[in-house]
């Protein structure tokens with residue numbers, strides 16, 4: 001692994017060496033471990049401030065701490081407003097957004113690998129990466145269409161043929177890419193090329209699988225997408241606010257600004273938020289009904305009779321709590337119990353996605369300034385797990401990437 005990192009900084013005219021059996025490689029009298037230590041100690045380059053100029057002028061009299069507070073707050077409100085607009089446009093637009101985010105995330109991770117791979121002038125890496133992305137998406141989305149729109153698929157002859165041989169076609173497409181990779185192997189760079197082959201497949205596993213599960217959630221009902229992702233957003237915001245005002249105790253060295261106060265405050269605020277949001281959304285059919293294909297109208301609909309999960313039930317309160325609040329019975333939706341589990345996951349397990357992103361950025365010397373799209377989404381944690389005529393809701397009823405692979 002150290003050998004590969006040293007090759008990345010070598011002069012272009014220096015011929016590559018193949019010393020796979022040697023545990024330590026010397027370059028210009030310096031060991032690989034010494035070079036790695038020096039690279040680790042290299043300072044990060046701070047990028048230019050890309051905060052909108054109008055905000056810089058309006059907040060110029062504030063301290064850097066409060067200026068950062070207001071910039072984050074204003075941009076957060078803008079992104080939340082944009083999120084509401086997307087939700088209003090309906091599930092189909094949400095699916096398109098998920099696919100666009102998937103492509104952008106894949107592009108950013110692959111670009112890190114390509115920056116090293118391109119220095120050896122080896123063929124086909126980026127082309128094959130995008131080809132494998134196409135193959136994997138064809139397989140996953142083909143499975144989704146077959147499962148959720150079986151009637152439509154069986155009615156159309158071309159779709160029926162594609163559905164019948166879908167997995168065979170997917171396997172054949174992958175084999176073509178596999179053979180292309182083998183043909184692209186170059187002598188003395190085999191190990192590097194196999195590293196990048198693994199890099200591409202790990203990226204596909206992280207990005208495409210997650211987006212596929214998000215699409216499944218949307219088909220089951222928008223509430224299964226909106227509540228989990230809203231809990232993640234709420235946890236990020238409330239953890240920041242509690243940490244900003246009350247934070248004193250560092251939480252983890254990997255992310256020095258995270259505090260125990262923010263972590264705990266974000267947890268309780270997120271659980272309360274999940275209960276309230278799920279109560280409101282459970283009363284709207286356009287959120288709780290799955291996307292279905294209507295044979296009579298030849299269109300997709302989101303109208304159904306809500307299941308018991310989205311009907312109000314009466315629950316008896318334990319006697320210990322009755323004496324404290326004075327209530328014996330509470331009316332709530334069973335889905336609110338699910339929301340407690342989702343919000344707890346988003347609060348206790350979700351932040352580790354942010355820690356992963358922090359480690360990722362530090363590993364590649366990009367832990368600076370504003371994060372990239374992929375790293376922003378990674379910090380938002382994994383998300384839990386088409387053509388609608390209308391979405392209006394009725395009233396309620398820089399260094400080598402191989403180090404992250406452990407080489």
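In case you wondered, yes, glycine gets a Cβ from its N, Cα and C as well.
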295-315, 316-336, 337-357 - the one TrEMBL records as transmembrane segment:
337-357
When TrEMBL is consulted, the range among 193-215, 377-399 described as transmembrane segment turns out to be 193-215
Six or more residues beyond either end and a Cβ under 8 Å away: which residues meet both conditions relative to the transmembrane segment (124-141)?
103, 106, 110, 113-114, 117-118, 166-167, 169-170, 173-174, 177, 180-181, 184, 193, 196, 200-201, 203-204, 208-209, 212, 215
When you check the transmembrane segment (337-357) against the transmembrane segment (221-247), do you get at least 3 Cβ pairs under 8 Å, counting only pairs 6 or more apart in sequence?
yes
Does the transmembrane segment (69-89) come near the transmembrane segment (221-247), with 3+ Cβ pairs under 8 Å (pairs 6 or more apart)?
yes
Best-packed against the transmembrane segment (221-247), counting Cβ pairs under 8 Å over 95-117, 193-215, 259-281, is stretch 259-281
At a threshold of under 8 Å on Cβ distances, which of 95-117, 193-215, 259-281 pairs most often with the transmembrane segment (168-186)?
193-215
